[in-house]
Ligand code: ASP
């Protein structure tokens, strides 16, 4: 694996290998007083976030630190980005400083792919020399997509798959509902692709205004009736309503959204007893999910966060040290 840009680049064997590595790293750290593996000593991981983040940025930093990598965080507001520097120049600057991996979040869909292209080709056509220099050292910078606009969020899908595997004992043949603002959700797209690759049956439940055009070609079924789907689900993933990406009215009011697509306590009772409740966070309690449902024993929200660290360790491990035998 050279970069991690999209879950579409992973086949079932590669995705399963990442999840297995994540499990092994979790086991390796279990019960240790000092959570430090030497695996990535001397390697440098830079996170470059142009959008807000709590879970993703911090868990990449912890993941790097627990494997002894040097981690550096760059945020748009505290860097030369606020002076008008382009994404390309910023990324090539970080790469030439010796970043083995740049973890990037950016509001533009496709930005991580562009970055990977620039890092791979810089220097080859008489441009900046850094690509050549890094080719000489033999350690080209790996790019990880930590969320590009409404497009993809591969490590979120991997940590969700890890959580579902833990809670359900497997993913193949399970029915997973993904509910809410699919239109603006990179989490939904990455999850549909990855869960389908791993053999799950996925159903998207959303109002027609919050579904993207072309959703018919996604490997899933689409429904507008949440109550009708609930009794047959093994897991339900509630999505955040991405108001920062909405320009216009996609539903009449927050209250109406909650009534039709929120996971209330009454509605959660329609789920089978074994069903798992997920949310990628940040949760808008009371709108997307009732507080009592988010905190119930079958909710896996904090388990998702915990798995996020191990999955991101696995991704860094596969990219920077090679997949284990
Ligand atoms: N944290 C996830 C993301 O960055 C989900 C969300 O923000 O709604 O896409």
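Just so you know, the numbers here start at 1 and follow the chain as drawn.
Cβ atoms are placed via backbone N, Cα and C, with glycine included.
Database features (TrEMBL):
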BINDING   55, 56, 105, 153, 156, 281, 282  carbamoyl phosphate binding site
BINDING   83, 186, 240  L-aspartate binding site
DOMAIN    2-165  domain 'Aspartate/ornithine carbamoyltransferase carbamoyl-P binding'
DOMAIN    173-319  domain 'Aspartate/ornithine carbamoyltransferase Asp/Orn-binding'
Which of 83, 105, 153, the listed binding-site residues, has fewest other Cβ atoms within 10 Å:
83
Neighbourhood of residue 282 (carbamoyl phosphate binding site), C-beta criterion under 8 angstroms, separation at least six:
54, 240
Using Cα coordinates, what distance in whole Å links residue 83 (L-aspartate binding site) and residue 105 (carbamoyl phosphate binding site)?
18
Can you tell which of 55, 186, 240 has the most other C-beta atoms within 10 Å, given these are the binding-site residues?
186
For residue 105 (carbamoyl phosphate binding site), just give me the three-state DSSP call.
strand
Max CA-CA distance, Å, over listed L-aspartate-binding residues 83, 186, 240:
31
What does the structure give for the C-alpha distance between residue 281 (carbamoyl phosphate binding site) and residue 186 (L-aspartate binding site)? Integer Å is fine.
13
As a test of the contact definition, list every same-chain residue at least 6 positions from residue 56 (carbamoyl phosphate binding site) whose Cβ is closer than 8 Å to its Cβ.
105, 146, 147, 153, 155, 156, 308
Per-state residue totals over the domain 'Aspartate/ornithine carbamoyltransferase Asp/Orn-binding' (173-319) - DSSP helix, strand, coil:
63 helix, 24 strand, 60 coil
For the binding-site residues 156, 281, work out the Cβ neighbour count at 10 Å and name the residue with the minimum.
281
In DSSP terms, helix, strand or coil for residue 56 (carbamoyl phosphate binding site)?
helix
